[in-house]
Amino acid sequence: MNPVFTPNVAQKILFIDRDGTLIEEPVTDKQVDNLAKLVFEPQVIPALLRLQKAGFRLVMVSNQDGLGTPSFPQEDFDAPHNMMMQILSSQGVKFEDVLICPHFNDENCSCRKPKLGLVKDFLTQGFIDFTQSAVIGDRHTDVELGNAMGIISFQYQRGSLGWNAIADALLNKGRSATVVRTTKETDIRVTVDLDNASKGTINTGIGFFDHMLDQIATHGNFKMEVNVDGDLEIDDHHSVEDTALAIGDALRQALGDKRGIARFGFSLPMDEAKGECLLDLSGRPFIKFAAQFEREKVGEMATEMVPHFFRSFADGLRCTLHVAAEGDNDHHKVEALFKVLGRALRQAVKVEGDVLPSSKGVL
């Protein structure tokens, strides 16, 4: 087991080739076996620093043909390799692990890329966030390794896909997610895009509920697509509950590791009805709901499902949520609750920097 990574804690990891990717690969003999051959690839250190700052952890994965044999003595490898590691470390670049296959191709070992031997622990111990991790290397075998691991890959080429371009591609992935939730009672598809304020399509089969979900997206300033096929011939319970779970889950996935977000949100608009929302994207589901309704339904939506929506939403998003409403009109009170949730979300998901807003180092 790798002591640097915690089992079953999925993290953003970049598996990076060495020769031809981090440093130049000599054209003549393909071996970096003395200090004179040690030349870094352009922009590699600034790019790695950007990626580290965004929460990526770095692992080096390299084939070194015949390492430790007369054709490539260990001491010839060590001098330039150790200097490379010292330079990287002096500039703030930290590789959590260095994985090397020393075998020739014809030895048919299990660890030579693109085989999975070198990264077996990462795959079996639950270290990898498969949605955000990647392989970076200059050869097609690196691409094949990424395919075998089930993560994306970037085939480095100094002229056409250099380090700045790779870092940009990894860092500028939109904060969006799609969740499909299918049960015996409902078939639901939710897509959220936190960095897109255009209007989405919402169709739950419950007109008033559609209007309320639109309030969340509109006041949250993000795009949300919701399509629900539920057992409305019975009642609205399953449709509302499962939709809330799916929306919360989609928002949680879109937020990723939450690095740079404000984390907290608060809203207290005052109209005929007062709605209040305190939100903490804490990773821990908790709900405190305070509102009373006189009517059994608002539109086609049962008012008893309003607190249930917020509880299920908090479970799906894994957030701490305090919501309350006061007023004389049930329609206005319900609408105030959904509006303030959207407003609080707008504050909480806003990117303000690149630091994880938690003393624990995880949310």
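Each residue, glycine too, has its Cβ placed from N, Cα and C.
Record note: Swiss-Prot gives ASP17, ASP19 as Mg(2+)-binding, and the candidate from ASP106, ASP121, ASP129, ASP138 in that site is ASP138.
Using a 10 angstroms CA-CA radius around ASP17 (active site, nucleophile), the binding-site residues that qualify from CYS101, HIS103, CYS109, ASP138 are ASP138.
Looking at ASP19 (active site, proton donor) and ASP138 (Mg(2+) binding site), their Cα atoms lie 8 Å from each other. Across the region 'Histidinol-phosphatase' (1-174), mean pLDDT in this model comes to 94.
Within 8 A of the CB centroid of the Zn(2+) site residues CYS101, HIS103, CYS109, CYS111, the other residues of that chain are ASN63, PRO102, GLU107, SER110, ARG112, LYS115, GLY117, LEU118.
Taking the C-alpha positions, the distance from HIS103 (Zn(2+) binding site) to ASP138 (Mg(2+) binding site) comes to 19 Å.
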